[in-house]
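What Swiss-Prot records for this protein:
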ACT_SITE  CYS99  active site, acyl-thioester intermediate
ACT_SITE  HIS392  active site, proton acceptor
ACT_SITE  CYS422  active site, proton acceptor
Amino acid sequence: MSDRQQVTNARGERIAIVSGLRTPFAKQATAFHGVSALDMGKMVVNELLARSELDPKEIEQLVYGQVVQMPAAPNIAREIVLGTGMNVSTDAYSVTRACATSFQSTVNVAESIMTGNLDIGIAGGADSSSVLPIGVSKKLAHALVDLNKARSLGQRLSIFRRLGLKDLLPVPPAVAEYSTGLSMGQTAEQMAKTYNISRADQDALAHRSHTLATETWNAGKLAEEVMVAHVPPYKAFIDRDNNIRENSKLESYAKLRPAFDRKHGSVTAANSTPLTDGASAVLLMSEGRAKALGYTPIGYIKSYAFTAIDVWEDMLMGPSYATPLALKRAGMELEDLTLIEMHEAFAAQTLANMQMFGSKKFAEEKLGRNRAIGEIDMSKFNVLGGSLAYGHPFAATGTRLVTQVCHELKRRGGGTGLATACAAGGLGAAMIVEVE
């Protein structure tokens, strides 16, 4: 059996990324305060369709993701279909793979095209850290169920007497891993210690990310892939990511205290991604349908891979496991790539993965390879800045990475690019795209 992955349909047509779009990304409780992930998802899909000048009823499938899900609308994909003028018979379902969610939605639509079930689909993801499912304590939840069954006033009073004042307090969404109790920041701190990553190196990477993102915006490179978002009640709009430190100075990073290990830590708010609101989407077609409709795709999917590792130790190493698998399936080596886009959840996590890309010992012990994945050429790496600057709406990041690398490859005359990310639960994702 060949190791090569055939990302084509039965007619031998490649999977075309026709276009991609995102909202600006905004820090929690700023420009998108009060705007749900669903509303942002509808916003970006509507605009994607408008820019493509494609009849919404031509969309055969929409797969969309959300990490912080709202109980009122658990199938965000279907609600987007119903809210954007698509045919009501359009297939739609939702996925979640933590920070790799929109990698998953993209692959799901691609695989539907590969099997011949459809020719046109939309994938993406959205998350809001400003509109959250605030819950109740387990004791209060239990009592509320019992109250619904109570038949008399005496029974109701008996149930209320079981509750204390602390049981009535609202419960925000958990920030820790369910299985380990560790937050992502604590895991990043763990990785900084495991791989001896200094505070200075973390701060330097964050400064690089913000500096490059500022230059990218100022050069007008993101105009095609970031929409202007008009926010209810439509008296204001946002047209640029608002997390970027446009006057980033390296020396200012050293002033912040560690956020997760106050005494001995090195992970700070400045070298981590903030809680972010935003949405993104890509329009996918079979190569034949794209050409028949007159589109020039921004790229094609060459290969992809998903991996999983243990969650108890350094679980944000996903890129180091998924990337070599995606490269193998594409018949490539790291040095063959024109560009590399790696999700920067934390500077520590990013630097740990970069270090392991070049480690022969890691390759032998963890990957069963006789050579390292390869040393990363920084002239190819996150050349427009990364998540540390742009922000990280969990489910939206994957399609941001894919769209961004495709557009940059276009500007450079084509080539191949890697988009890769770690994700909670020890998950990893990688996708290789080719651009003509």
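Glycine too: its Cβ is placed from the backbone N, Cα and C atoms.
Cα spacing between CYS422 (active site, proton acceptor) and HIS392 (active site, proton acceptor): 12 Å, rounded to the nearest whole number. When the active-site residues CYS99, CYS422 are compared by the number of other CB atoms within 10 angstroms of each CB, CYS99 has the fewest. In sequence order, PHE25, CYS99, THR273, PRO274, THR276, HIS343, ALA345 make up the list of same-chain residues 6 or more apart from HIS392 (active site, proton acceptor) whose Cβ falls under 8 Å from its Cβ.
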